[in-house]
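Notes for the one structure printed next.
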Amino acid sequence: QVNFVVCQLFALLAAIWFRTYLHSSKTSPFIRHVVATLLGLYLALFCFGWYALHFVIQSGISYYLMIIIGVENMHKYCFVFALGYLTVCQITRVYIFDYGQYSADFSGPMMIITQKITSLAFEIHDGMFRKNEDLTPSQRCLAVRRMPSLLEYLSYNCNFMGILAGPLCSYKDYITFIEGRSYQLQQSEANGKEDTKYEQTDPSPNIAVAQKLLICGLSLLFHMTITKTLPVEYNIDENFRATASWPVRFFYLYVSLMAARPKYYFAWTLADAINNAAGFGFRGYDKNGVTRWDLISNLRIQQIESSTSFKMFLDNWNIQTALWLKRVCYERATFSPTIQTFILSAIWHGVYPGYYLTFLTGVLMTLAARAIRNNIRHYFVESPAVKLCYDIITWMTTQVAISYTVVPFVLLSVKPSFTFYSSCYFCLHIASILVLLVFPLKRTQKGSKKHESVQPVWSKKLEEENLLQKNSYSTTNNSFSQKEEITCRYQALKQ
């Protein structure tokens, strides 16, 4: 863990140097690719020793599969190989080396590389094999129209900015950043008209980086002082279960799981700050002309802590992973997309039994929350006072439901997880099943939209923000001009 933090702080300094002295206006893309890759592999070697070879092996074999199999089926082979290789590494780490340890391990970066390998394979398949009219708007904008070189591929997977903690970014955004080809789309008029203009100089990320480092410091302080005093394991303490009342138990459940989140806030926000410091992550300006550096941000803390629905929490937690699951699984699943997506998420996270208990519980919670929201919420939104009461009740319910769901994720093993659930008499499991039996998943009220009941657990609005308001896209396909890409962005934003 010390190595991880030291390497991330070194990456932060390297990012500042990279942006200052190897800016795209001063250095060729080849040099930027080489330096980003070598620095990334050095950090991986320093942090994980020779286990870092797994990163190169996984990337190298996946690239070989892409070349020899061809664009028609390579996305399937790359998906199976990358996820299978990750799973084998997770099995050996968990069941042979250090079961139950939370120390930084080499499978963490491999999870991010697996996301990149699979998402890029699907993007190349979409761009080079599928017909343009068969693609969704987001798939069309992300589609890659030419095969990347080996250097570009390794740079994308193993660059120093994201090799240790991510976050995932699209290949086209990364190549655009490396090659220094960017433009902005700014809404400058109150009537909603958009002006398209080219950005000649990059805006400074210093304020955004400073703000995110401040969040990192507060999160680390909270983790080191408060988290230790509120262990999640105390929820299954025999004496606590025997003596505490139900309100006290549920209150401690909430605060103990809330206290477990700052370590993720620290790691993901620091990773975001590193990318910003290198000049990556700019998404244009808001309507007030303020710069936005959240192109690849992985969480929104305020929205997480104030979530009033299961969906809202998932929309703002581990955002890039949610988008990856949506793009490679949910949108392409032929049946039960929600269940398939949760299963893939569990497999990707690892092989601890607690992960599977959490995600299987999450399926129930998501479907039940969706059914309640679709059938009841519209009765409480007319009056501001009634809606406020509704929001308070749903906030309390959501926070307890989230905490209840993720307890096995923290406890990891089957026995303590079932000890917790049995001590609660599986109350929320039973309640979710009853909700699904009573309420239809689709609203039948007049004016309801059918698609509301089949929304993914992460919102389409989030997808639009992360895909269609991005500051830049690569023009890696020689047959697509920059003007066409701007048109694609402009039309998508109008939607």
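Placement of Cβ uses the backbone N, Cα and C atoms for every residue, glycine included.
Per TrEMBL, these features apply:
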{"type": "TRANSMEM", "residues": "34-57", "note": "transmembrane segment"}
{"type": "TRANSMEM", "residues": "77-96", "note": "transmembrane segment"}
{"type": "TRANSMEM", "residues": "354-372", "note": "transmembrane segment"}
{"type": "TRANSMEM", "residues": "392-414", "note": "transmembrane segment"}
{"type": "TRANSMEM", "residues": "420-441", "note": "transmembrane segment"}
Taking a Cβ cut-off under 8 Å, which residues six or more beyond the ends of the transmembrane segment (77-96) line up next to it in the same chain?
54, 57-58, 61-62, 65-66, 69, 105-107, 110-111, 113-114, 117-118, 121-122, 328, 347-348, 350-352
Return the stretch with the most CB pairs under 8 A relative to the transmembrane segment (420-441), choosing among 34-57, 354-372, 392-414.
354-372
Which sequence positions outside the transmembrane segment (34-57), separated from its termini by at least 6 residues, show Cβ-Cβ distances below 8 Å to it?
3-4, 7, 10-11, 14, 18, 22, 85, 89, 104-106, 109-110, 113, 151, 154-155, 157-164, 178
